[in-house]
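Per TrEMBL, the feature coiled coil maps to 136-182. Residues or ranges marked as disulfide bond by TrEMBL: CYS185-CYS367. The feature domain 'Olfactomedin-like' is assigned by TrEMBL to 184-436.
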Amino acid sequence: SPLLSFPQTLFQSPDEGWQVYTSAQAPDGKCLCTAVIPVQGTCSRDLRSHQLRQLMEKVQNISQSMEVLDLRTYRDLQYVRNTESLMKGLDSRLKVAAESQKSLNAKSFQELKDKMTELLPLLPVLDQYKSDTRLIVHLKEEVRNLSGSLLAIQEEMGAYDYEELQQRVLMLEARLHACMQKLGCGKLTGVSNPITIRASGSRFGSWMTDTMTPSADTRVWYMDGYYKGRRVLEFRTLNDFVTGQNFVQHLLPHPWAGTGHVVFNGSLYYNKYQSNIAVKYHFRSRSVLVQRSLAGAGYNNTFPYSWGGFSDIDFMVDENGLWAVYTTNQNAGNIVVSRVDPQTLEVLRSWDTGYPKRSAGESFMICGTLYVTNSHLAGAKIYFAYYTNTSSYEYTDIPFHNQYSHISMLDYNPRERVLYTWNNGHQVIYNVTLFHVIKTSGEL
C-alpha cells in the first residue's frame, strides 16, 4: 500500500525483532499502522547473553578441573609421603653397598631389588605431577583470557551489570507486548520468516502455550503423534522446552485424535479418538472437567485437512475466545467455524465458510477471522480468509516460508501474537503482521 512508509525498528536482533511500520495521515484523518511482534523471550537470546553463558560455562569447567586437580594432588602427596621412608632406607642401603662391595651378597642384593620394586609405582605418580603442572599453566592462561573477556563485556555494557541489563530488556519487552495488546484486533497482512525453536518428535504432532490473555503462565505443552496418544509433556518454560528439561508428564484418560488441540486458561481442549467428542482436561487437577459431542461433526479421517492424520476437528483460541473448526455431511464437507463455550463446550454459533476442508492444508483464527492455507506442503500460502463478523470471505495471497515442507499443526496464540507450527518434526513459530486502523485521537 502506498500509505505504508519505511520501517522504524525499535529493537532488532539478527534474526527477528520489533518492526513498527507507520504511515502519513490518511485523507479521512485516520492513521494507518501495522506492527510485527516477536515471541516473548526472544530478546534475551541475543549474542551478548550467549557469550556470557559460554563464559559462565567455561568458569564452571575450570573450577571443576581445579577441584579434580586438588583431589588428585592431595592423594598423590599422601602417597609420596608414605614412600619417603622407603626411599631413605634404600638410599642408606645403596651408600653402604657403594662403600663396601663385599657386603653385597646375593641375599642383600635381592633385598635391594625388592625395595626398588616397591618404589616403582612412584614413577606414574611423578608423571602425573608433570602433566598436572602443564595443566595448571593452561588453566592459568584460560583464567587470564576469561578475565579479559569479562572486562571487555563489562566495559561495553557500561554501568549495568548483566542481570540488571537483562531485567531492563524483559521490562521493555513486557511494555511492548502491553502496547500491542492495546492495539486490539487487526487484519493479517504478513507472516515473518520461521523461527525454529526445537527439532524433536515424529513427523506429526502439536505444541503450545496457554492462549489465555493476559496470563503469566509460561508452561509449554508437547504432544507427539496424531492419534491414540495419551502422553502430554508439560515444560516449565520455553527455555526448558528448548533444552528438554524440567517437565512433568500427564497421561490423558482418553486418547486424542489429530493435532488440533489447544490450551486455554490451564485446560487442554482436544478431540477424543474415534469420536466427535470434545474433551476439556484440566492440567493442575489432572482431571476431565467436561466432555461433549459436536453434533454431526465428521471424525476418523472423514473430513481431515489435506495431510490426513485424523485432523477432522481443530480447536483454536483467538482474541474472541474458543473455536472449533470441523465439517459435517450436512455442510457437504465445507469448513464449519463454531464459537464454543469454554465452560460447557456448547456450540454458541456456527458459520459455513464454503471452503472444502479436504482442500485445506491447515487453518487458524485471528480476531474472529479464519485463515486457511492452500496446502500443507512446500509452496503453501494463506489462500482464504473467512470473516465471522460479516459472514463473508475473500481469497488472499499471503506467502509464508514452509521451511520443512510438511505442516501438521498451525495455531495462533493471541497472548503472544505468534503462530505455533509443527513442521516435519520441527517446532516453529512465526511472527505476524496485523493491519490496524487507529483514530488520530489514539483511541481504537
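Note: Cβ is positioned from N, Cα and C throughout, glycine not excepted.
Its own atom aside, the Cβ of CYS367 (disulfide bond) has 18 Cβ atoms within 10 angstroms in the protein chains shown.
A 10 Å cutoff on Cβ-Cβ distances gives CYS185 (disulfide bond) a total of 16 other Cβ atoms nearby, all chains included.
Per-residue confidence over the coiled coil (136-182) averages out at a pLDDT of 71.
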